[in-house]
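**Student:** Got a structure here, written out as structure tokens. Questions coming.
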Amino acid sequence: MKALEWMGDSLKILDQTRLPVEIKYRMAATYEEVAEAIEKMEVRGAPAIGAAAAYGYALGAIGYSGELAGLSAHMEKVQHRLAETRPTAVNLFWALRRMEDRLRDQHEAKELAEIRQALVAEAESIAEDDRRVNRLIGEHGNAIVTAEANILTHCNAGALATVEYGTALGVIRAAQQAGKKVHVYAGETRPFLQGARLTALELMNDHIPVTLIADNMAGFLMQQGNIDLVIVGADRIAANGDTANKIGTYSLAVLAHAHGIPFYVAAPTSTIDLKVPSGQDIPIEERNPKELREVFGVQVAPPEVPVYNPAFDVTPAKLITGIITEKGIVTSPYSVNLLKMMVRS
């Protein structure tokens, strides 16, 4: 299963809200349809969101039928619409900046067709970069996995969260392919259940041993000595190493620290935002209260009960053992070493 696939004039998006019960695709032919798919979490995961937004930007140009002189204003509207879909995942904004830069490079173009072709090529380049980067993350991350390891992960940072292969799950895949005996504990990840619905499905499809657990079981597993390593993905990493990821990640980091268990973040360098000094400056998306009051349309709480439903939390850098990127593994002091790595790249 691929999270998304370019079809030449539309974007084929796997509707992940229906997994694992049903495999259904959306054929997005306009940038608005891509934006809706991102908002509804039909496509999710920071790298996949970035790639989807890039294709959405290209579709904005493909769908434009006005004069060449008016394209720039139209594309500003397209970019704004896509940028407002998910505020926390920095890959979204990184991809849109790349697309905007490619559009500016076409200032001497005489035909709309030439510009459209260039934008599609840039979107495909972003997608291909993600495929390559995820393999490198897996290769570097394999070094931290012992010959036999029980690994805890949270949410879904696999192929379904990227264009291909995955970040946190990419490390696990690489370890398995290297002949290591890995067993994964996947937290269910309330309220959207990405761990239960997506991570468990991915790992089972790849014949990687996996056990699904309730989110509130993680501490007990660690206490029993059943966890050797925690690996999670990321939606935005601040300049000091503070990391925004799916709600519940911070709790796992605190538990891992208390039990002396290594806690790693796996993410591409496009997830690192050096313009954000610390986690306090990362915008945190709040989702619809219905996601907590209901489970798949079934009411599980009083309909009027107040709800606080942030989609992400921030794990302080001091709780992170290392950040696995395509450039290698970065360790503390992050404010120094992240900058060094980004300058080199």
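Glycine is treated like the rest: Cβ placed from N, Cα and C.
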**Student:** Select one of Arg18, Arg81, Arg86, Arg287: the residue that Swiss-Prot places in the substrate site alongside Arg44, Gly45, Ala46, Gln194, Asn245, Lys246.
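**Tutor:** Swiss-Prot lists Arg44, Gly45, Ala46, Gln194, Asn245, Lys246 binding substrate, and from Arg18, Arg81, Arg86, Arg287 it also lists Arg86.
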**Student:** From the Cα of Cys155 (site 'Transition state stabilizer') across to the Cα of Asp235 (active site, proton donor), what is the distance in angstrom?
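**Tutor:** Cα-Cα, rounded: 12 Å.
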**Student:** I need the neighbours of the substrate site defined by Arg44, Gly45, Ala46, Arg86, Gln194, Asn245, Lys246. Which other residues of that chain put their C-beta within 8 angstroms of the C-beta centroid, in sequence order?
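**Tutor:** My list of surrounding residues reads Ile49, Ala89, Cys155, Asn156, Ala157, Ala161, Gly233, Asp235, Ala311, Phe312.
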**Student:** Please list residues from the chain of Arg86 (substrate binding site) whose Cβ is under 8 angstroms from its Cβ, counting only those at least six apart in sequence.
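**Tutor:** Counting only residues 6 or more apart in sequence, the Cβ neighbours of Arg86 (substrate binding site) under 8 Å are Ile38, Glu39, Ile49, Leu92, Glu285.
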**Student:** Using a 10 Å radius around its CB, how many other CB atoms surround Ala46 (substrate binding site)?
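**Tutor:** Its Cβ has 29 other Cβ atoms within 10 Å.
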**Student:** How many neighbouring Cβ atoms, not counting its own, are there within 10 Å of the Cβ of Asn245 (substrate binding site)?
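**Tutor:** Its Cβ shell of radius 10 Å holds 29 other Cβ atoms.
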**Student:** Please give the substrate site's span as the largest CA-CA distance among Arg44, Gly45, Ala46, Arg86, Gln194, Asn245, Lys246, to the nearest whole angstrom.
**Tutor:** 17
